[in-house]
Amino acid sequence: MDLLNNRSSVSEFVLVGLSTSQETQILFFAIFFLVYVAIIVGNLLIVISVIVDNHLHSPMYFFLANLSFFDLCLSSAATPKVISDFLRKHKTISWWGCMTQMFFMHFFGGGEMSLLIAMAVDRYVAICKPLHYKTIMSHRVLTGFLLLSWVIGLIHTTSQMVFTVGLPFCGPNVLDSFFCDLPLVIKLACTDTYILELLVIVNSGLLSLICFILLLISYIVMLVTIWKHSSSASSKALSTLSAHITVVTLFFGPAIFIYAFSFNSYSVDKFLSVFYSIITPLLNPIIYTLRNQEMKAAIKRLSNHHIGSWLTP
């Protein structure tokens, strides 16, 4: 800690935020607060439903519950601070708070990418090898996939943050963002950061590209398999698969634009930051619950059970 203090005179970062207008900030506060509450409630409902409902004790819902947990954590890494900042005139975050925020955002973001691949593997086995599904997707395999997601997320964030923490910050400390965005923080360092900026782009971009290609190949194979075997079971599989494809497209689509094109517009950067911090964690539970009859039935049973327990003396 002393070494870091000697190299850096910056103890906090100033966040510009989304707007300087007080009226607009109050509007953003209301919107972000309501969306964040919806994220918490929606994802918690999925997690609790999968845990307590025996009808949902299957590999697909195991991964879905963990995806909701990742979304909860990813959103909570920055959103509560963002919401409270809308009520402050001077928006600041401590040096360690900024580093912690970036660590967990990349940790859960990288883990979620890996978990989406695990979910695709589960659907691939269910559709292409249905007779061997229970044998292949054993409890040991599920645990292995989940641990791998956590490990990949940890490697993804550590490989970037280990260099960022050691950077000297001795001058500018104003971030044109509403939370600590890793590329913007790196640019404030009092040293040449070209190599580190390249590492961040390659690290995040390569992980996104590899995950997207693997997912694209697996979904193409599954769609071809469904097309060859037209039946009621296939139509149900197609409905489930379409929900997965929608989530993957929404998650990786903006990421591809981030690393494929060089945006100099801060408005575009801020839009993408809003998208990943609150929109994606909200869309996932909506997509999976609205298109999944079993999940809707489980949530209804859970609600009825608690309402009944409250009404019963």
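Using the three backbone atoms N, Cα and C, a Cβ is placed for every residue, glycine included.
Predicted automatically and left uncurated, TrEMBL annotations should be read as such.
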| 178-196, 273-291 - the range that TrEMBL marks as transmembrane segment | 273-291
| task | Answer with yes or no whether the transmembrane segment (141-163) touches the transmembrane segment (273-291) by the criterion of at least three Cβ pairs under 8 A, sequence separation 6 or more. | result | no
| remark: Per the Cβ under 8 Å criterion, with at least 6 residues separating them from its ends, the transmembrane segment (26-48) contacts 18-19, 64-65, 68-69, 71-72, 75, 79-80, 82-83, 86-87, 278-279, 281-282, 284-286, 288-289, 295, 299, 302
| Averaged pLDDT, computed only over the residues in the domain 'G-protein coupled receptors family 1 profile' (42-288) | 85
| Surrounding residues of the transmembrane segment (103-121) on its own chain - C-beta under 8 Å, 6+ positions past either end | 60, 63-64, 66-67, 70-71, 73-74, 77-78, 145-146, 148-150, 152-157, 160-161, 179, 182, 204, 207-208, 211, 214-215, 218-219, 244, 247-248, 251-252, 276
| request: Please indicate, using numbers and ranges, the residues of the same chain that are 6 or more beyond the transmembrane segment (141-163) and have a C-beta under 8 Å from a C-beta there. | output: 59, 62-63, 66, 70, 99, 102-104, 106-115, 118, 121, 182, 196, 199-200, 203-204, 207
